[in-house]
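**Student:** Here's the feature list from TrEMBL:
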type	residues	note
REGION	1-24	region 'Disordered'
TRANSMEM	54-74	transmembrane segment
TRANSMEM	126-147	transmembrane segment
TRANSMEM	153-168	transmembrane segment
TRANSMEM	180-205	transmembrane segment
TRANSMEM	259-279	transmembrane segment
TRANSMEM	285-304	transmembrane segment
TRANSMEM	316-339	transmembrane segment
Amino acid sequence: MTSRKPQKKSPASDTDADSALSQQYGGKHTGGWVSSLPASWVPYIQLARLSPPAGVFLVFFPHLFGVAHAAVLLHSPLSHTLRIAATLTLGSFFVSNAIHGWNDLVDAPLDAMVARTRNRPIPRGAVSPFGAFVFTATQLLAAAALLPFLPEATAWAVVPSVLVNFYYPWSKRHTHAAQLVLGVSLAWGVYVGAAAMGVEGLLFWGQGEDWASTTCLFGASALWTVIYDTIYAFQDVADDEKIGIKSTAVFFRAWTKPFLWTVLAAVVGLLGTYGAFVFDGEVRVGYYLVVVGGSLLSLGAMIAKVDLDDPLSCWLWFRYGFWLAGGSIAGGLLLQYAMVL
């Protein structure tokens, strides 16, 4: 399943190509607000993928899904929901920084061999491995410092996420299902958000419809990640094949779009099943239009329109396309919450 299509070549010079790649989380982006920062800060902003801020929101969205889901189940007061959401927003910022710092620390030898990533802060020497480790540790400690402000169950819910995120950089050496590993690590935020709101009996030992509905939402979030990260991985697919990095992009190649359509069908099915659990079989038109319909249309457009042979197309659909699906799920769940306030 590894038939190869040639990557499209740009007529631009090597310098122009490097400049373009640097905007695609290539490690040298200095535009916009980043240019106003002290020079010593910039490599750490690049390390944490804070510009553009897609990385932070990819961590935050599943937590927000979990918060909104729990708020619907528990009819939570708005003040409580806002407090938990604010705490998890800050936590997602620190967790995202830690995840990206750790990923780049482990991946530095591989990043140095990939055209798009060879200028990231560690391979180019702007941040030392020790500096990246200290940065990662401080961000993780900052996130942990927020746990006392959340229910005790939240700390237990966080543990699996920490373990999977720790392993994720190595998964690209071990399995073509690295995108699923990433999906599980990020989507675990659904459980964390729900636990922070007070939903009990979650995780593997949970029982009842709250566990089932939460797990459907977790599964949909994980597979959503598989879709957008497979597209993201196509930016580097030629280099990844040469140096032995594994991914769904490398594995499926010419069969990637049929694979992504299959994953999308599973996302839609899980979101539909979630609605059946939460609303006891009642057809909530708003939910199915916004959450299920919005996800189907936005992810369907992404899969149909992205040119997997063009790294820039993959980047643009990743950077902007994920907002549509994430916004649809979050917006639809928050709409249902507004109806029970």
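Cβ atoms are placed via backbone N, Cα and C, with glycine included.
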**Student:** State the residues, same chain only, that lie 6 or more residues beyond the ends of the transmembrane segment (126-147) and have a CB under 8 A from a CB inside it; answer 'none' if no residue qualifies.
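**Tutor:** Same-chain contacts beyond the flanks: 43-44, 46-48, 87, 90-91, 94-95, 97-98, 101-102, 104-105, 108, 154-155, 158.
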**Student:** Which sequence positions outside the transmembrane segment (259-279), separated from its termini by at least 6 residues, show Cβ-Cβ distances below 8 Å to it?
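**Tutor:** Contacts of the transmembrane segment (259-279) (Cβ under 8 Å, skipping residues fewer than 6 from its ends): 69, 72-73, 209, 212-213, 216-217, 219-220, 223-224, 226-227, 230-231, 248, 252, 287-288, 291-292, 295-296, 299-300, 303, 329, 336.
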